[in-house]
Amino acid sequence: MTKRIALISEHATPLGIFGGVDSGGQNVYVGQLAKHLAAIGYHVDVFTRRDGEHLPDIVEWHQGVRVIHVPAGPPVPLPKENLLVYMDEFTAFVLDWCRHYSSYDLIHANFWMSGLVAANIKQSTGIPFVVTFHALGRVRRLHQGSADQFPDERFAIEDRIVQEADFIIAECPQDREDLVQLYQANVDRITIIPCGFDTTEFWSINRTHARLTLGLSPDEFIILQLGRMVPRKGVDTAIRGFAHLLKQKTIAARLLIVGGESETIDPKLTPEIGRLRAIAQELGIASRVTFVGRKGREVLKYYYSAADVFVTTPWYEPFGITPLESMACGTPVIGSDVGGIKFTVKDGETGFLIPPNTPELLADRLMYLYDHPQLTNLLGRQAVRRCHDHFTWSKVTSAVAALYEEVLADGCATAGIEANQLAILDRGFDSMLQTVQRSQRLLRSDIQAAAQAMSAAFAQGGKLLLCGNGGSAADSQHFAAELVGRFCCPQRAGLPALALTADSAFLTAWANDVNYDNIFARQVETFAQPHDLLLGISTSGRSQNVIAAFEAARRLNLKTIALLGGDGGELRAKADIAIVVPTLETQRIQEVHLLVIHLLCELVEEHLLAMHDCTLQQTQWEKDGYGFSVEPCLENTSQPKDPAYSGNSPQSVASPMTSTAAHSSKTLVIQNP
Ligand SMILES: O=C(CO)[C@@H](O)[C@H](O)[C@H](O)[C@H](O)COP(=O)(O)O
Ligand SMILES: [Zn+2]
């Protein structure tokens, strides 16, 4: 199935003309990527801001590529520094488009404002996105200071994009380093994919032929500077370097400067040209510097091919597409040793790298190339090879497509895992609810009977012995802890309960030396006293050590309660009271066991509370030195519910809820603070 990709590029349209202030590498990148993605089977829509009233809503640009003009802000060209306020409108349009026309498998955002749009769309729709920043706000601020007119919100927005993007495309190692250092990006979610050049657009044309085509002198040493005309591109360095060269040597040389807002030179439209021209004049080389103006992309290969050397000396450069294009045309590059340039240009192999703002060094290198035409040719040939090996748009697009597929596969896997996890959750809750409901219908009377038996045992000075394996061992201890400690009633003394699962020294020794099957039976025989109660917990009802404990209890005349599940197993018949959870699922049985345990605690406390106004009488335990008493926990004047707990009962003589205040001297071996 054809995958649908939305390329968002808020200010840089692929239909734009190269060389304007805001039209440069990003326009090329978006256009080339779109075309090449379509060529390998993707459907691509490029969303870019409508910056002209008469632009059509949708341009069918190439097979498989549409350019969609997004109404966001006035339909006129605006500096990109002023576009942030229109991004909500931009987002709303794309969201609406996704809902009504066509949605996308993935969004590829270009530049930070498009990243913001993509992050917001992901938030609403879950569509994953990758981002190519093309330039980073913090890097720009570092180099441009107050000349950077982008709003400060850019930094926080970029931080958010870095966090929320599914993957980040860095265009060169420096870009990756900046993302990690300045944005704390996770290096595992960054991949380096450079920009490319179009092999059908740039190739090496015979130099003489190219010069003839452009009407340039066949004999001059031609240095080319081509690109956006903004101060940070450091075109003044090229002019100053050229001036140095001319100062050192009398040669027939020319600096061609291509770019600007218009085809004919107009410093009003391109103030940078005015500034540069003034510099050239000041240096006395104005006649050797030719400002050419903006040129259509179809003629750029002639300029690159016509030149002996291409110079690009920006202060910094996120990637820099022009050195690549020049190298593709067989012209070596002298470039600043910054950003993407130090990645694309191999020093001494395809040109030279120099620090930014070093016109003297530039003059040196120019001189060297002028003096060594054969070397210049060799560097040019090597440049062509390097470009074809690493930087064709088809290679770049394959890498980008591989990344898309990785993100989409991750997304599917995550979606699959999520769906699976939700299904597990729902199944668990549903089966738990069903089991609880069935237990509520079936187990009420058994639970009540168990609570009464326990209360009676406590009232008679008996204790509760508990046992079980695994989860049921933990439940036994949990149960004992609730009784010895407190459950709902904050002011009572402990109720005697002993988990036979807790003494690891005895358990391991006995199981190791004698037999695991009677680890509990042995303890029942050891600890059991009259009125004690044995409570065994087993989901299957088939654990031999629990069965053996019940058999021991029977021999000692202890009453028994079993918390079971499924069909109740053998224990069902061996227990005086069997609470059998009606399901075969072990976990659900255990979960209901815990509910039953808590209910038993509550019911027992309730029973004992009901007796708290009984007169104090000594218990069997007290006589034996294990007496306990319970401080009143609630005002409760009701009469005992069960005559077995009444003070009048011949056997059951104590109320564990009697007030200690009234008779503290008599009892309270276990007493609450
Ligand atoms: O917690 C669990 C299962 O959820 C296990 O530890 C489980 O309690 C153990 O397998 C027990 O050995 C099972 O014994 P039983 O419930 O059949 O008497
Ligand atoms: Zn468990």
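Heads up, the Cβ atoms here are built off N, Cα and C, so glycines get one too.
For Ser538 (substrate binding site), applying a Cβ distance below 8 Å and a minimum sequence separation of six or more within one chain yields Gly468, Asn469, Ser472, Val546, Ala562, Leu563, Leu564, Gly565, Gly569, Leu571. Feature annotation from TrEMBL assigns substrate binding site to Asn469, Gly470, Gly471, Glu482, Asn512, Asp513, Ser538, Thr539, Ser540, Ser543, Gln590.
Annotation source TrEMBL lists Zn(2+) binding site at His478, Glu482, Gln590, His598. Cβ environment of Gln590 (substrate binding site): Gly471, Ser472, Asp475, Thr539 lie under 8 Å away, each six or more residues apart in the same chain. According to DSSP, Gln590 (substrate binding site) is assigned to a helical segment.
Taken from TrEMBL, the feature domain 'SIS' applies to 454-610.
Per TrEMBL, the feature region 'Disordered' maps to 637-673.
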Among His478, Glu482, His598, which are recorded as binding-site residues, the nearest neighbour of Asn512 (substrate binding site) by Cα: His478
Of Asn469, Gly471, His598, binding-site residues neighbouring ligand 1, Cβ under 6 A: Asn469, Gly471
Taking residues Asn469, Gly470, Gly471, Glu482, Asn512, Asp513, Ser538, Thr539, Ser540, Ser543, Gln590, which bind substrate in the record, the widest Cα spacing (Å, whole number): 32
Fewest-neighbour residue among binding-site residues, criterion Cβ within 10 Å, set Asn469, Asn512, Ser540: Asn512
Spatial separation of Ser540 (substrate binding site) from His478 (Zn(2+) binding site) - C-alpha basis, Å: 20
Protein Cβ atoms within 10 Å of His478 (Zn(2+) binding site), excluding its own: 17
